[in-house]
Structure formats: structure tokens, C-alpha cells
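First up is the structure itself, then whatever we jot down about it.
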Ligand SMILES: Nc1ncnc2c1ncn2[C@@H]1O[C@H](COP(=O)(O)OP(=O)(O)OP(=O)(O)O)[C@@H](O)[C@H]1O
Ligand SMILES: Nc1ncnc2c1ncn2[C@@H]1O[C@H](COP(=O)(O)OP(=O)(O)OP(=O)(O)O)[C@@H](O)[C@H]1O
Ligand SMILES: [Mg+2]
Ligand SMILES: [Mg+2]
């Protein structure tokens, strides 16, 4: 892991690497950046724990983690896109449209050209909406990689399109008959996705599974390396024979898959399929990824960091509710934390730089000035 | 790009010309890009004109232009930031907060530590909220330039903070007593900003004024050149003595100023100051800038193009209402148009590339074109 | 030009030719980079391309390696016509290239960069990092460069980065290996190593195409010499009796050797005084890249700073220009201490830097030649708050003439210029600010003799008008022929000064620590 | 969702009462930046304080998932009761059930949920009845013929549907009144104005506007003013917020329909208090529809911030 996941030169803190650095380099910066996110998380936990006795109560932690999970899964998909140097604003809408598809199919799908109504089994329903999610992502991918539309714009457009489609499918209504009927053999959707095996809610299980799978993808496969390469220097990657276009397309498909998963989990959790589900989720996902130390310019970021970022956001939001901060203040604080969490390590860096300089200046009289400890 | 170690991210091949405007030599590609936007606009006009007799009637054009103006002014500010390679997600919230400030002061400002209520004259009110807008922008600028926070994140945080503050100021209320009172000498706010001299609504006058001033700024002043340079290659600009940090800070201040202007115009137009004003305006502004041919990677874009982009968005939205397209379809179409408007010229380019390859294949008298590089 | 033998296009193929370019043309918009070139690559031979900046060398190489598509003409591999639609196509057919400019992913390790796009897999199908690392280590030993496979490329010196580029090409086991300026950032010793490897490869029958502006170097390896001029192949001969004068003549069609040792040397008072300056390595925190350097540069004097890569010269330059802070010591321009002055203020005071990496630090790629030229001196053209087109354009035209930029005009895109001409633009930009002291870091990297001569005569002309010049070079010949004084840096310190008229190459190189086999510090952090 | 069985035990355990005074009541509303819901919140908080409870206020903005999180938060906080303005009749069932399972009584105000027997009481203002009232008053003033347009609330909010249906139910009885366009303005004043301006272009000689709420109506009124058509076009609002009241006074708005939100919210808090004291809400039924009151020039003066002083 440590080989691939390092930031480009410009953004590296001054006080890395130690003398032996050139020869074996555990990846300080990635650790450091994540460390910063961890600190943010720690602070949040400490503050809220001291303000609310219930914060650390296990059932509450499980609860908050369930909320985190949704955003975390989106963030993992978002990380793929951001590593590639892109961004995916359409995930929120994809959550909406996939959830609605699931709800629609569970309600019963009156097939075109026939009087028949089909009640597909749950696995078909799930497969279908996952497929739709992948499709949305694929369209984004093609727009970006083949048509060179700026990711921000391609996915912004898709944000509107997908949301519109979700609304068209439901005609603005909400689907609630999701439990299915024995007779129709389409039961079990909710239990499958909203149960809590071993007391751990399903979304959390999914979060863990996704985290494992995607870190393997990033750190053990050629695709992972290609992804970091395209994010680091696309031209170089292309000249090295990396199928940059395909990599670019795939990351958006992956993001779409993650969004679809969240769409299903959310629908089962409510339980109801509403066309507005997931609005603005993209912002939290992006915030999580960046707080987790990823660079929006691409090529730098880790699953671990992203998860931490998701916990920072999630615990903050829930914590504010828990201690009963006024609605309006919640927004202000959330915004401030996002900025601070990212600004902090920049401050660190400049401080370290200044300290290094002072050390040298101080030691000037000694010839053969200081080497770092 | 072919030979930099870590090239600035490019959404377009290296051989694209610089922003239009410097030497009067026409620069085809920029014109072409704008041309593309113009074509999109033309298509929209033709379609709607044929669907609705009222579309082209002058009073309607004026009306739609007034709607366009708001977004156009925001887009001009956004262009400054995007030319610098940044992005400003906080403009919508800035619109809200500045509008609320104006409303608050017009209602009468009960001064702290005193029982007194101050009724500042209109010009003070306007100055105050413009100042606030600049302040918000300045904070963004400092976060980005001094603390190296990614623009997306800095302004995303500010999006929440500013909105929260707007809500805190009004405590959720809407200010409607904006006409002031003769006795207090604070009348004229609405007439100043919502009247229509010579039959042209105030917002349109402002749009024109801003367009003129900012194109002069971009094309005739050193700052303009510096802005394009920092967007094109910050390191090179810095070594050439361009005060890159200052330029970076200023663009966000300019964006804040534009947002404040819109905040005031919107408040006068309603006439009411609501804390939710301007939500999600940033998306339309960004879309306008990019449809107008600017590159989100910075260094490329023009006022002219941005205005065209704003008209594309505005005419589309109003046109859809005018011909009475269903709400849900409106979203789908809007998204599709944003994507298409940008995708089109990319298609052109890739076609040209493929043709080149086919020529080669022919030259080597091999049947069929090889897959493009 | 008598000995230049024109080669007929329809010469009967000879057995050794593995790759042949037949009547290749390439046009970029208006510029015709290649005008019907016939070019052969021979098995087990080193074919060297000579040619000025913009002659079309890289363009042809990009076509041979599938990066660019020719506008016209055919490629024949073993007599068979082929279309190289992509670099993969080329690699699949055994053609590998070392690009003139670095193409590495700074955020990846050396190992990853070498194996990107052709990963070694385990039976489980995932990447076999261990084996890749082992091969990387072997390559690095072969190149005598002690770089650990998991080092970040971003942490490498330019020179080391170029070594990685070479290693990547070697790892491809190509039968045709193209090297476009592989040594522009390498030390003499590293070049020697490369040449050993080239010998081994040719012995194994690998065909090599070699491009370099270090002419002596190129002549040394050549089996076969080809000369380009203005997109045409003007000479094609075997390497026996190949001499520097012939090459230069064929390249520029005239004698263009330069030697300024005789230049006037009445200097003014000290223009730039550098006193015991220390600079912290921006990347390796705390480590001193510059460790107590003191140099005086007088008005009208041209001082060359010679040294190996990693000597810390770039850091010294960047510190003087204001890009990096000076940790301790003083730099005094005339009578003003530069401490606390921004880059902009320093340029106004009269000191500016022509950076080492023109693409990363020198040019705004989206802008035109004119805009790049005027960027640093723009305020000078401001009248009543606006940039006066007249004044700006005036300065630009003068500069294009003075610096002899080969361009369609001020409105041409800077990216449409060849490397050398781009460099001239960067220098012209700084001269337009009317500096008292001009700093240049590797001003002639990847630039042809003709252009080098022009650039130095330009510098000496300015020097006679009182300009003080401090420039970094890694070319010993250049340091000795184009300076009033040579300062040798090593490991961040000034080790000795020489008078180019009296000293010998050997002395200088020895002082730089370049003599003998092991010249590159095994411990990079002792640089 | 069953996934909270884990937390329910701890929840009910805590229902015994932690927190100061009479404990805490969680007030979860839609969007306090809208005067209507602001009144709801202010009333709830004031009434609760009067009865000696702490309060926390959250706003879900009709996002069912957010609502879920707030309910979860309330459960973790072990509040004693929840006053909820639900985010959608269907989406909210799960959330309410969750709280009830956790032993926290939920009292619904303003909007209902699809199921009964979960919440302790559902105190809703009778939107359908209110819409009919408003529509009738509006028809009277426009006369029984002409073209009119409708400003529709947020399409995914079922109140928008209920009110729209109420309007059509009445107006459809007058065949000469033609609905020529129906646009959504998402409850928002600025959007209401923009949409109205355009619709005026498409249909210059409309005689009336029916609006899903006051904010959109006020936007429309401003648009009509600018177009100088206010005297020709009759506007109907809904909610009865203060700006609307002023508009009615000024004769710019034909009528608005007062949702007795203050009355309803007061009731809800009182019933919560009663339930916490002796396990009974005191109301005969769970679902209690409070009729809306028509506000016209005649009775507008008695209206003050959602309260009619008889
Ligand atoms: N991408 C491009 N767009 C437009 N013109 C180009 C491009 N690349 C090269 N050229 C033009 O083609 C000609 C040949 O360029 P090329 O880089 O092959 O020269 P070169 O011999 O490699 O010069 P150098 O020795 O400086 O590398 C130059 O005149 C250059 O301006
Ligand atoms: N491209 C680069 N990437 C990362 N670090 C670099 C780079 N170039 C230089 N450095 C850092 O600066 C130090 C000095 O190396 P550098 O090669 O710049 O010295 P130099 O004397 O300027 O050599 P040259 O000027 O010939 O490149 C190196 O130890 C390295 O840490
Ligand atoms: Mg070249
Ligand atoms: Mg250097």
C-alpha cells in the first residue's frame, strides 16, 4: 500500500522523509494526512462524549455508524472517481433513481404492451437497480472519457437527468409496499437489507465489505495501479500503455454501483422509495473523501482515510443533533468543521517549514549545519 | 502538455489557443467554442419560438433576460474564479446572506448595547451588504491561497456557514418591510434596484455594466493577464513575478461582490429578504461558465462566452415553462442540454482525429481503420 | 556540404534494416514538422540523429513509437507495412522509446512507474510486487543507481527521474530502442554507464536510435549518423570519420562553434553578493540543499556554476529568485538585501530567474509566444491603468528579433514551438524586465549548438551593457567556453573557483567530484 | 426498522425520565425558515416550556432519511416525547414506529402518516376542507368563468396534492373556469414569482391564480403587480401567514386559508403532557382533524401570527 498511496511532491509536508527515506519509505504523508483526519475524529468524539452522556453508549455508536455507513459507501465510490482526478455530482440522484426502481418493481411492474403485472423476485429487483446504477455511471464515464466532457459538468447534467427520471417513474409519489407478498414470492427485500445480523445493521456490514473489496482493488490489482497512475499523470500513464479511457469509464461505473447499493439500503431502511431520496448526498461524500486526505487533483487518497472522513462527517451531524444544537447553528458548525479539518494540516506544514528554517538559522555558526534527527 | 512531469489537468488537447481578447488576431478555437454555445442558443430559440408564439415577443425577451441577468452576474464572478483554476460553491449562500443583511438593515437595526434602532440610508444598506459579500469572498480567498485548502472544499464549507448565518440573522423569518419610510430617510431601495429605466429592468443594466467592466479587467489590464497566467501555469506565473496569491484571493472577492449584487437585486425584485434566497444558484452559474467554453482546469474562458452560456440556461428554463413542459421533464431536459452543449465540440474533435487515422490506414493500404490512439 | 550524400528514397532495402520510415510527412496545423523523410533503423547498430531545435527529430520518433500518427507516408517493420495506432501497438512489436521530456507519475514508486501498463501477475492474477521489485532492483544495479524500488518518483532528482525513464525502456526488452535526449539531466559518469549498456544491447542485436544535443557524446556512440534540418533528412552516413565540425556544418549549414573565452572582461562593482547562504531542501525537510555558499557577481561578469546533479544549484537559484526562503546568510543586490522581498519585488529590483524545467516553471502553455514574452514585464506596458497594446507589442517584437525565436509570430501558441525555441522565449521574457542580475538554471538543456551560441552571445552582449549573469550548467565544455569565471559546487557547497582561460577540464571535473567510476553519491542524503 | 431492536431496550429503560424539570420533548419540524413552520416550532417550544419541559428542535426539510436520523437522535437522547411534523405520510411510518418501539410516545402535528395505532395522536389541519373553503371563496370573487393557473407545491409533498385536489374538486364544478397551466414553485416565493411572470406571457388574460401556499402566492402577486395585472387577476393563498394576511388586508390576495397550526401544536403538546402524566392523551381519537379557517378581508384583522382572536 505504502508504495502507491503517496501524494505528489508539491503537497508533501516539509519534515518528511528521514535519512533512510530514499531507501525504505513507509508512507509518512499518507499516514500523516490520515492522522490529521483521525485527530479531527478524536476531537469530535471527545467533545460530544463530554456534552452528552449517551454519545458513547454502544447502541448509539451502532446507530451513528449505520448513518455513517451510507455516506461511507458513497464516499468509497467517490474516491475511485476522485483518484482519477474526476468528480461525481450525480451519486445523490443515482441513489434516488435506483431506490425508486426497486420500489417500482416490488410494487409490481405492469409490463408494456400487455395487461400483465410482473412481480419479480427480490434478487431480480436488487440486480435490476444495481444494473441501473451501473448504467448511470457508465453514461457518466463515456461522457467524460470518450467525449471529454469535464467530469463536473457531465455529472452535474446527470444529477438533473437522473433526478428527473426518478420523479417521472414515481410521478412524484412514494412507493411503500416494499414488503412484498408470500403469494408473489417477492418478500424479504426489507429483511435482506434492513436487518441487523449479530446486532450489526446491514449497512455497516456492506460498508465493511465494500471497504475490503475496494482496498484490494486499489492495492493488489493492476487496475488499482492504473487508477493512481492516471490520476498522477494521465499523459504518462497513456504513454505507458495504460488504457486510460477504460480506467476512466470504470471508475464512474464503480461509483454508480456504490450509489445503487446505498439507494437499496436507504429504501429498505425507511422503508419507502421516494424520488427525492439522496438529494445532496454527493456533497457529504466528497467532503468525506477530502477530509480523508485525498487530493481532488487525483492520484492521492486511501480507503482508510475516506472511511475516517465519513465518520468525521457522520459523527458530527449526529452529535450536533444529540446535544441539541439549534438547526441553524448545525449548518454553520458543519461547514466550519469541513474547512478546518482540511485547513489544519496545511497550517501544520507551513509551521514545520518555518521551524526547519529557524533551526538552520539558529545553527548557522556551527559549520556543517544540522541534519534532521 | 506532452512534456511536463505533472501536467496541469487538461480537459482538452494541448493545442488549444489562449483566451480570446488579447491581440485582436481572431483566435479561431475560442470563437469556435463560443460558436458552439451560440449554436446551442440558436437551437433553443428556434425550437421555443416555433412552439410558443409569445417566446420572441419583445416584452417576453426582456422578461427572460431579466431572469438571465441574475445568473449571468453570478456567472461572471464565477468565471473569475474558474479562470484561476478554482471554483466557488458558496455564491448561492452569499446571495442569501447579503440579501438578508440588506433586509435586516432596512427593517431597522437595533444597535447592540443601546436601546436605539438605527435606520441607515439606502446607500449604507447597499454598501454594507456588498461589503459582507466581499468579506465572504475574502475568507474563501484566504482559505484557498494562504491555507491551500482546495477551492471545492473551502467554498463548500462556506456554503454551509454562510447559509447558516443567513438563517441565524433572520431567525428563519422573511423581511418584507423593504420600502422604508420617508421619515427615516431610508426609502428608495426597491426603486433603486427593481425599477426599469428606459423599459430595461435594473438587473439587465447591471448585467451589461458588469460584463463591460469585467471584460475590460480581463482583456486590458495587467490583472487580467495575470489571472489567465495563474490559471494556465501557476508556477511559471509566480516566477514571472505575478503575485499569484493576491490574484487568487482577489478572484474570490470579485465573486463575492457579484453574489452580493445579485443578493440585492433579488431582494429588491421580490421584494422580500428570505434566508433561503439563492439556494443552488451556484450550479447554474457554473453551468453557464462552462457552456460558455471555459475550462474548469483554469486559464481559458471569456466573458462573452459566459454570457452566452447564461442565456442558454435561462432561455431554456423559461422556455420550458412557457411551453408548459411537465415539471419532471424540465429537469431531465435541462440536464441533457448542459451535457450536450459541452459534449458537441468534443465530438467534432474526436471525429477529426479518427479521420486522420483512417488516412494513415489508407496510406498503408490496409483495409479498415485502426483503433484510434 | 560536399560530403553530405543525399540518400535516394527508393534505395534497395538492405538486410540489416528492421524499421523503415518511407516518405513520412507530419504537419501540425500550419507547421510542417516533417517533409517526406526516409529513415532506416538498423539491427545491432546505433543510429544517431543530429539536428537543430525544431528540426523534427522528436516528431519522427513519436511516429516511430506510435505516439503520433504521420500525416503521410508508411512505416515498414521487417519490410511489412505497419500502422502503429498506439504506444501499445509499438511495444507489442518491440519498439520502446525514452521520451525527450520525462513521462513519469510523481505519485507512484519507481517500481510502479517501470511496470505501469505491463504488470507482472501472480498465479492468483494480482500484481506480483515482489518480482517487479526484484527486477527493478536489478535494473537499478545495471544502471549503477542506488534507488530503492519503492521510492516515490516525486522524491527523485531530475537526473534520477531520467534514469527511471531509461530503466522503464530497458524493462520492455525491445528490439528497437529509441532514446530521445536520454542524458540531458545525467552526470558524465551516468552517461558512461548508459553507453556501456548501449554497447551490450547492440551486441545482442538491438537496434538503437539515439538523439542528443551533447554532440561529442553522440558522436562517441554513433554507428550511423543522420542529420535533420527543417523537417528534412539532409545527410545520412556511417560513423567512420564522423567529426564534430562535419556534424555542426550539416546541422546548421555553417560553422557555429562558439568560444567566448576572449570576451571583454572589464567589470563594474559587485552586482550580487551572496554571503554564506543556506537553503533547506524543499522536499527532504531539514536537509540542507545549499550549505553556506558565498559568491560575488560583478556587473558585466558571467559566472558559471558547474556541478553534478544534486549539488544544490537549483535550490541556490530558487532561493536567490525568491521562490525558496534563504534559511541563513544574505543575498545583496547592489546595496539592497533581498531578504523579505517577494519574487515580484526582486524582479522589479533587477534580479530574475530562468528556471531549470521550462515546462513546469517557465511557460504558460495556454498562452501565445507574445503573452509569454511580456508576462514578467507587463506592468511596464501599463498606461493609465490599462496594458497599452502598442508598448507591449513593441517589446515583444524586439525580443523575438533579439533572441531569434523561430515562430510563426507573436500570436502562435507557445506549445507549437520546439523545445529550444521555447527556452529562448523564457530567456527573452526575463530580459524584457531589464534585469541587473540574470539567473539561469541549465539555460541550454536540450538546445542545439546553434541556439546555444545565440543564447550565449546574447548573454555576453547584455553583459557588455553591464548585466551580471549567474548560470547553472552541467556541461563542462560550456562552463569553460562561455563564462568569465567557473564556480564549482558539490554537496551544497562551493568547492573551488576557476578561471576558464587557465584551468583544464580535468581539474574542474575533479573538483566537482566527477572523476572516476563512482561519482554519484551512494547516500543521496549526503548530497 | 427492525435494525433498532438493539437500541429499543435502552430507550424504553430511559423513558423512566432523565433530564431536568419534566424532561425533554423533541420537536421535529420541516423548515423553520418558512413562517408557517416557524410558528409551529415557536408554539411547541413555548407550550412545552409552560408545562415545564426542555425542548430540542430539529428540521428535516421533508427528507425522510434526515427525519430518521433525528428520530434516532431523539431515541439516543432518551427524550420523553416527540412532537413530529412528518416528512411524508408513507416514508414516516417507519420512523414513528421506531420511536414508539423505543418507548417514546410520538405526537404528530400538521401532517398525518399512512398508518394508525402507532403515534399517540395525529393532529392534522384538514387540508382538503381548507382547500375547498378557499376555492369557493376564490370562485366567488373571480366569477364563474375564465382561464386560471395553479401554483403547485413541492410535487413530492402530499399536502401539495391534497390541496390541489381540494381546489379542483370545487372549481371543476364550474365548466367555464379553465385551468390553463399548472407549475410547481416548490413552496418558494422567488420561484413563484419567476414562474408566474412566464405563465403570464403564455396566458396573458387569466383571471385567477390558485396557489398551494402563501409564499408562492405572494411571489405571484408581486409578478402581477409588476405586470400591472393585479386588479384583473384574483389570487388565492394557503397557510395564513402574516405577509399573506397583510396582502389580504391590502386587497391583493382574495383569501388565504388559515391552518390552525398554533392551535394544533398547542393541543399536541398538551396531549403529550397528559399522556406522560397519566398515560392518556385525553383525546377521544388518535386522528384529530382541525378544520381550517378562511381568511378574507372580513376577518383578517382578527388574525395575528396564525392565531384568530375571536
Ligand atoms: N504538438 C505540436 N503542435 C504543433 N507543432 C509542433 C508540435 N510538436 C512539434 N511541433 C513542431 O514540429 C517541429 C519539430 O519539432 P520537434 O520537437 O520534432 O523538433 P526537435 O528536433 O525534437 O527539436 P528539439 O531538438 O528542440 O527537441 C517544430 O517546429 C515544432 O514547432
Ligand atoms: N525534479 C526534482 N524532484 C524532486 N526533488 C528535486 C528535483 N530536483 C531537485 N530536487 C531536490 O533538490 C536537491 C538538489 O537537486 P538538484 O538536482 O536540483 O541540484 P542541482 O545542483 O540543481 O542539480 P541540477 O541543477 O543539475 O538539477 C535534490 O537533492 C533533490 O532533493
Ligand atoms: Mg526533440
Ligand atoms: Mg537542478
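Backbone N, Cα and C atoms are what each Cβ position is placed from, and that goes for glycine too.
Keep in mind that TrEMBL annotations are predicted by a computer and have not been checked by a curator.
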Quiz item: Do you know which of A:90-113, A:306-329 TrEMBL annotates as transmembrane segment?
Solution: A:306-329
Quiz item: According to TrEMBL, which of these ranges is transmembrane segment: A:150-169, A:330-349?
Solution: A:150-169
Quiz item: Among A:37-56, A:68-87, A:122-143, A:150-169, A:189-218, which stretch has the most Cβ pairs under 8 Å to the transmembrane segment (A:249-268)?
Solution: A:122-143
Quiz prompt | Stretch contact, the transmembrane segment (A:189-218) with the transmembrane segment (A:37-56), Cβ-Cβ under 8 Å, 3+ pairs | solution = no
Quiz item: When you check the transmembrane segment (A:280-299) against the transmembrane segment (A:122-143), do you get at least 3 Cβ pairs under 8 Å, counting only pairs 6 or more apart in sequence?
Solution: no
Quiz item: Do any residues of this chain, six or more beyond the ends of the transmembrane segment (A:37-56), have a C-beta under 8 angstroms from a C-beta of it, and if so which?
Solution: 291-293, 305, 308-309, 311-312, 315-316, 319, 322-323, 337, 340-341, 344
Practice problem: Determine which residues of the chain contact the transmembrane segment (A:68-87) at the Cβ level, with the cut-off under 8 Å and only residues 6 or more beyond its ends counted. | Solution: 95, 144, 151-152, 155, 201, 203-204, 206-207, 210-211, 214, 218, 227-228, 230-231, 234, 247-248, 251-252, 254-259, 261-262, 265-266, 281-282, 284-286, 288-290, 292, 294-301, 303, 306-307, 309-311, 313-315
Quiz item: Which residues of the same chain, at least 6 past either end of the transmembrane segment (A:150-169), have a Cβ under 8 Å from a Cβ in it?
Solution: 81, 85-90, 92-94, 96-97, 99-101, 104, 136, 139-140, 143-144, 252, 275-276, 279, 282
